[in-house]
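Inspection log for the structure reproduced underneath, given as structure tokens.
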Amino acid sequence: MAYGMHHAMDLYKTREATYEEMAEFHSREYLDFLQTVIPADMDNAELNERIAGFNFGDDCPVFDGLFNYCSHYAGGTLDAARKLCNNQSEIAINWSGGLHHAKKSEASGFCYINDIVLGILQLLRLHPRVMYIDIDVHHGDGVEQAFWSTDRVLTVSFHKYDKDNFFPGTGGLDDTGPPNPLNPGAHHALNVPLHDGIEDNEYVSLFQSIIGPCIRTYQPGAIVLQCGADSLGCDRLGCFNLNIRAHGACVAYTKSFGLPTLVVGGGGYTPRNVSRLWALFALPATVRHAQARESQLEGVSGVGDAGGAGAVAVHQGAPSVQMRHIPPDIMGLREDVEREIEEEKAMMEAEQEDKDGAGSSGDKWSRRKDLEKGLGVRGELYT
């Protein structure tokens, strides 16, 4: 609000994702568990095996309202994807999304429902190919795994890589998809492993040298960009030395291709940096002076392995796919959402009228004076 961003974008209150929508990727057994588990179950010895089977524990605790929380952020990403499919916007943002570690039947790394996978599946209803870009400090393993055996999604992840000492320990340079060259997903996962302390110029140069050829060769119909803020310097769990300007440059470069783009959040454990970064992404022109601290680490090393861009050369051209019929619900989504917004607005206005009662304008003025009592730079017009 302070930067006036609400004047430059359309803001939507999203609905919760339904059980059936989340079941497009996640197993029903896992969703049933999310619906019924409560914090007290963590201390129930009889449920230990089942809880461990879904990978709940210190990194993925159980808390009250867990399923509703998952439904809310997943619904935001689904609605954002639908805005793109309906041509209502060229860019749609859901900062509460970006939980890229969640698997089909398993929570992982603070992630319970993989809203990114759900959003990509929505985009694939309309677009033959979707490109996923991940600039979180952690490898986007859940998204990569979900689309491991398809050529309709190209996943590209820039992340800290240390197989034994940094979560999730995946995303090596040689992890490019299924080893069988006849598998459609072969060479459709691109990982760019990085070491501690990489700085702005090196990161942005590497990003552009890889993403540009990928987009031009793969020719995606839409892009999903995960913008985890934990790759910034000063993050409590991160280890890079990046300023928010580096992230902003990566986002601006991605936007320059003019493709429908779904932007989601992700990691980020230093709140002031997260808020600055999200503001920069949302409206760069108005927050160009906002900065995180310039440096945190000495540049001990940068790119994990030279030659990460070499994998791009494997793609000889965009894979051809047969266009699928667009489900009729896509075309009616806009009308449904607008109708729901109007109904909610009317309900809120009716509730406000009930609270106000039949009071006169004089009564309202008195209530306003009570609320403003003691306020003002001169003390206090109504004291």
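Keep in mind that glycine also has a Cβ here, set from the backbone N, Cα and C atoms.
Note that the structure is a prediction, hence the values are computed from the model and not measured.
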**Asked** Same divalent metal cation site as ASP136, HIS138 according to TrEMBL: which of ASP58, ASP59, ASP230?
**Response** ASP230
**Item:** List of residues, in chain order, with Cβ under 8 A from that of ASP136 (divalent metal cation binding site) and at least 6 apart
**Value:** GLY98, HIS100, SER157, HIS159, GLN226, CYS227, GLY228, ASP230, SER231, GLY266, GLY267
**Message:** Using a 10 Å cut-off between Cα atoms, which of these recorded positions sit near HIS138 (divalent metal cation binding site): ASP59, HIS101, TYR269?
**Reply:** HIS101
**Item:** Largest CA-to-CA spread of substrate binders ASP59, GLY109, TYR269, angstrom
**Value:** 14
**Spatial neighbours, same chain, of TYR269 (substrate binding site) - Cβ under 8 Å, 6+ residues apart** = ASP230, ASP235, ARG236, LEU237, GLY238
**Message:** Restricting to the chain of HIS101 (active site, proton acceptor) and a gap of 6 or more, list residues whose Cβ falls under 8 Å of its Cβ, or answer none.
**Reply:** SER108, GLY109, PHE110, CYS111, ASN114, HIS138, GLY140, ASP141, GLY142, PRO168
**Fill in**
Least Cβ-packed of the binding-site residues ASP59, ASP230 (other Cβ atoms within 10 Å) is ASP59
